[in-house]
Amino acid sequence: MSLYPASPYLASLLLFILALHGALSLRLCSFNVRSFGESKKENHNAMDIIVKIIKRCDLILLMEIKDSNNNICPMLMEKLNGNSRRSTTYNYVISSRLGRNTYKEQYAFLYKEKLVSVKAKYLYHDYQDGDTDVFSREPFVVWFQAPFTAAKDFVIVPLHTTPETSVKEIDELADVYTDVRRRWKAENFIFMGDFNAGCSYVPKKAWKNIRLRTDPNFVWLIGDQEDTTVKKSTSCAYDRIVLRGQEIVNSVVPRSSGVFDFQKAYELSEEEALDVSDHFPVEFKLQSSRAFTNSRKSVSLKKKKKGSRS
C-alpha cells in the first residue's frame, strides 16, 4: 500500500501541530518603556502601541516606570481588561520605587491570570560584604507559577542597570542567584532587563569579569550581535535574557528568542517609535506541557555557545 496519497494529509497535520505548538507556548517579554510617567500616559498614540506590545505577551517585565502616584499600572489594567469580553484578563505585581537619590523607578510584571500566577516575591537586599549597594535599582525577584508550560515554575530576576556600572551590576546577578536559592527551592531562573550590556558600557574585554557570562550554566538567549535600540544611529545589545536551569533551558521554543521591532511591525517613523521608547522589547517562548513534550529540538546547555542567539 502506497503512502503517497496520505502525504498531503500528513503535511497538513504537521502544519497544524506546529501552529498549535506556537499557540500553546508562553511568550515572555522584557521592555524598557523609557520614562514611563504622566507625560507618556497622556500620549495616546504611544499608549496604543505600548498596549499592543503588552498584548503580544503572556508575561511582560516593564522597566523605567516613573510614577510617584502609582497610576500607570491601574491605567494599563483598565486598557487591557476594561473593554474586554474575552476570558483573558491581566494582573500585575510591582516593586516599590527604587533608586539611590530622588530619581526613582519601578519594575512591574504584567501577566495573563489564566496562564501565570505569583508564588512569592521579594526585593533583593544589596548588603554583601565588600560590595554594598552595587545595584542602582535592586532586583525585584518574583517566583511565578505557569501550570501549562513544560517548566511549571520559574523565578524572574529583573535588572535595569546604570550604564557606567553595568559590568559590576551584571556580575552581581550571580550573587542574587545564590541568595534566591537559599530562600526558595527554585530551579528555573530568568534574568532579564535593560542590562546596558553592549557597546562602550560593556566592552569585549570586560566580559571575563562577569560571572553570568563566564559560568556556562547561565545561558544567554539574546546575543551580543543583536540591536535592541530604536535609533538607527546606534546598534547595541543593551537588553538581555539569561536562563539558568536545565528544565527551563530545555523548555525554550526553538528560534523563539529575539528582538521585537515594533517600529517595523506597526509601520512607525523613527520619531513615532521614539515616543514609545528608545528600546525594543526582547522576548522568548516556553513550550506548553502539552506540545512536543518529547521534542529533542529544544535548546541544549551543552550545545549552547556563550553569547549566541537561540
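Along the chain as shown, the residues are counted starting at 1.
For all residues, glycine too, the Cβ spot is worked out from N, Cα and C.
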Swiss-Prot lists motif 'Bipartite nuclear localization signal' for one of the ranges 40-56, 210-226, 227-243, 261-277; which is that range?
40-56
Between 126-132, 301-307, I'd like to know which one Swiss-Prot lists as motif 'Nuclear localization signal'.
301-307
Three states by DSSP: which one describes His160 (active site)?
strand
For Cys236 (disulfide bond) and Glu105 (active site), determine the Cα separation and express it in whole Å.
23
In this structure, which of the disulfide-bonded residues Cys199, Cys236 has the fewest other Cβ atoms within 10 Å of its Cβ?
Cys199
Give me the CA-CA distance between Cys199 (disulfide bond) and Glu105 (active site), in Å, as a whole number.
24
Take the motif 'Bipartite nuclear localization signal' (40-56) and count its residues per DSSP category (helix H/G/I, strand E/B, coil), listing them in that order.
15 helix, 0 strand, 2 coil
Find, for the listed active-site residues Glu105, His160, the residue with the lowest Cβ contact count at a 10 Å cut-off, counting only other Cβ atoms.
Glu105
Roughly how many angstrom lie between the C-alpha atoms of Glu105 (active site) and His160 (active site)?
9
